[in-house]
Amino acid sequence: MNGTTSPIAARSKRKEPPHTVDGRHPKHHRTNGEVAPAADNTPDNQDEFEGEFGVELEEYEDARLPAVLPTGPDTAEWQATIQRVVRNVVSIRFCQTCSFDTDPALTSEATGFVVDAERGYILTNRHVVGSGPFWGYCIFDNHEEVDAYPVYRDPVHDFGILKFDPKAIKYMPVDALPLRPDLAKVGIEIRVVGNDAGEKLSILSGVISRLDRNAPEYGEGYSDFNTCYYQASAAASGGSSGSPVVNMDGYAVALQAGGRADGAATDYFLPLDRPLRALKCLQEGNPITRGDIQCQFVLKPFDECRRLGLTPEWEAQIRKAFPKETNMLVAEIVLPEGPSHKKAEEGDVLIKVNGELLTQFIRLDDILDSSVGKPVKLLLLRGGEEIEVEIEVGDLHSITPDRFVSVAGGSFHSLSYQQARLYGVACKGVFVCEAGGSFRFDNAENGWLIQTVDHKKTPDLETFIEVMKGIHDKARVVVTYKHLRDLHTLNTTILHIDRHWSKKMKLAVRNDETGLWDFTNLADPLPPVAPIPRKADFIQLEHTSHPAVADLVRSFVHVSCVMPVKLDGFPKNRKWGMGLVIDADKGLVVISRAIVPYDLCDITVTIADSIVVEGKVVFLHPLQNYAIIQYDPKLVDAPVLSARLSSQEITQGASTYFIGYNRIGRIVHAATTVTEIFAVTIPANSGAPRYRAVNVDAITVDTSLSGQCGSGVLVAQDGTVQALWLTYLGERNPSTHRDEEYHLGLATPTLLPVVEQIQRGVDPKLRMLSVEFRAIQMSQARLMGVSEEWIQKVSVANTAHHQLFMVTKRTFERNEQEEAAALLEGDVVLSLNGKIITKISDLDIMYSNEQLDAVLVRNCEELSLKLDTVAADDVETTRAVSFCGAIFHAPHHAVRQQISKLFSEVYVSARTRGSPSYQYGLAPTNFITHVNGKPTPDLEAFLAEVVKIPDNTYFRLRAMSFDSVPWVVTMKKNDHYFPTMELIKDPKEECGWRRITYEGGKVIQGEGPDGVVGSAGEITDMDVDADVCG
């Protein structure tokens, strides 16, 4: 990729926020901590989001607890007031179902309170309602539950209004808390009644200490501005967002919004003047007009204003008109190309608006909201000079996105005023709110602005849509983009546009009448353009004295694998590596299974760094960590060389030549020596089982290059490949939360039987023993009961390694053999079909035999058994179901390797953030045994039961954890954003898989009309996009 991407570190164009009382602070709504503990390494269907707004919730709460103020018993007046208030306070459980603007996809809980019991309006924070799709419900004090949906979210200020059906509350009277912003005074005692720290009801006391602080800053997410906030000491924490701040008479005088995270008990409240106006507009059926001039003002005290140019004459007038005021409004940010551009400047002191002296945000909001589309006159002081300007007031709603388009796995909307204000840029451009699918850029998951697509400028969303309509499926196009943190750098990349896994270009538009976002299909994909043959030449390997070794450059190809759906616990959505061409005439390439883990994927093969062709999976080895893929050789006019694989085992101490490709794809080479050949044990991942190599010999070499390269070969002087150098996926490091990868060699003789069958057009049908072996030395073998005669035979059979193999783990098979006729943990295998087993490659005999004559030692007794092998062709996943944002499929091979009993054939493999599965805690590695009391032993039964469940209704899942702990989860179905979908492997389909959608009681072949990007999608890492081939 040309250009460089911007760093991850948080930095805006604004000055760094001060580490003082006016710094940015976390908002008080609680994310579901119980489903993503710090040590969790199970895959979700989107990127790991460590708490919201950069704060880890549990740490945040622990830091806040010591700061809770001790309070004595409430007076009778307060007790009576609280009893009236709590009836109107609700706990809000909600999902923001996809990333949008400043908000990531998440599940959380917060607080709200009823402000109109007749119409069913609830006031809460805007960062709870969010700017994008919302799905949630409210729980009242008597534990009655009712659905709620947004009818208004303010473009700037931190409040939103939800609507519920008042008739649904049957067992308690619901009143409305009166909003009285006029009663907020310094020194009054208040109570914050809400869902503090995720508890059902908490009542925190405090005293309002300030009415004139600037809005708190929360970092790169949503932040309020152009308003003052109140300050008090109440020690509220996660979950208290949206709580009413009430006085002793039971009036709501403010709205809880945020607080400090450093242990101080300071909290910040939003004044209720603007929420009260919005509520009245809704009650009267009037539009809620919001005006703005794209200039952020802040409150600054008189001493600072003097330094900015406030003259003594104007200060005297202001102090006389407003004796209690100590601050004035000063321009902080003026957005380029906005109404205030070139008229107001940063540092201007605001004196008058339309001839009226003005020092408060509330009055400024009044004027702007009533002047949308009209000019206002501002008198400013700039360095002591009076400047009078006329500025046209814009419509805030028009620069607040209310729609997004999903195409090629990504989602896009117009750049919002929130983002533009944060970074001080013009409020225009195409913003990537969900960087998934084809549009997953490097180094950061959000904050991108698309500049051009396919050499066409995309200044706005409408133009972007038209450009994308004209791009064919599977096209490779040049895209330029910038990051909001670094607009100086223009990044350029080439994207492979995927319109076959996700065929529809969906436009989602906010509907404030229903609270849902309505989906429309804008365009079906244009068919792929037929590829044409292309010509290319390979580079030449310099500084090597062996021409045959140098020629191997022509046997390497670059392989990229993109997986639109997370299956089998695999942690990534895209991988790349170098593959070795083993048959240029047939286009066969061998590559690590750490790069191509399963066949629901898009593979591109790049030859000679020039020719790009499609590839497909031909074979996946169940144990030895390699895959064989195929490209169409007719499309390649280049001198590709078929690598010659050695049939002789490489030995320890042998001289060899290492050729590898390092982390940036550059070829490196060195003469070296084989240091060790050993039976490797790749650690199993403790969190979520995923493919790992077992029962395989690994090779190490004496060169530091080997640790830098994930792809390569060991080659003899005559150019014969002695071993492949592969990446082996290991466990997730509990400290760094990164996946360990091991770089090791695999001897080529073990590949030859499989390669020869594929070259003959035969689909390899391997057999295997369902166990995992570990090498033991003779001292251990003697203690296990191996006789001296067998120990002597081992010494003669393998002079380099005196070892035998013991069974350490049995793989659970669906049709278990009788224990007497099967291998058990602790068995030491002496021979198979008369061959003494002293190295792992001796076990390859199992791949071609349905039954083996085994001699083994069990409990110090030598036994002769006939061992049945099992077919290896049913260990790959061939069917999956996406339901309520989770991916279900039969337990894959890695699960059966690590578990001693299968509880059902319905296994939770992954889940999407912001989905019902995430909200209700249905985690990966669970097994589903019953749906609404009906047994679901397999996917067929599971699918039959879940499609019967009506939309937006509760159902019960009986689950079993990986550690055999049964539990029951109740969930609510959501078909609108997370439709039920079935994926079936089908070689007749163009992309090898068929999709069936079950939505609204209908069975749809292919993709349904609704559903958000990421409905089974990419972990940011999760970030996952499960829209699949229709």
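The backbone N, Cα and C atoms fix where each Cβ goes, glycine too.
Listed features, source Swiss-Prot:
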ACT_SITE  H127  active site, charge relay system
ACT_SITE  D158  active site, charge relay system
ACT_SITE  S240  active site, charge relay system
COMPBIAS  15-24  compositional bias 'Basic and acidic residues'
DOMAIN    312-384  domain 'PDZ 1'
DOMAIN    880-960  domain 'PDZ 2'
REGION    1-48  region 'Disordered'
REGION    89-279  region 'Serine protease'
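Cα separation, S240 (active site, charge relay system) to H127 (active site, charge relay system), rounded: 12 Å. S240 (active site, charge relay system): 31 other CB atoms within 10 A of its CB, across all protein chains. Secondary structure of the domain 'PDZ 1' (312-384), assigned with DSSP and counted as helix (H, G, I), strand (E, B) and coil, comes to 19 helix, 23 strand, 31 coil.
Across the fold, the C-alpha of H127 (active site, charge relay system) and the C-alpha of D158 (active site, charge relay system) stand 6 Å from each other. A sphere of 10 angstroms centred on the C-beta of H127 (active site, charge relay system) encloses 30 other C-beta atoms. If you draw a 10 Å sphere around the CB of D158 (active site, charge relay system), it holds 32 other CB atoms from the protein chains shown. Averaged across the domain 'PDZ 2' (880-960), the predicted model reaches a pLDDT of 94.
Sorting each residue of the domain 'PDZ 2' (880-960) by its DSSP state yields 18 helix, 27 strand, 36 coil. According to DSSP, D158 (active site, charge relay system) is assigned to coil rather than to any helix or strand.
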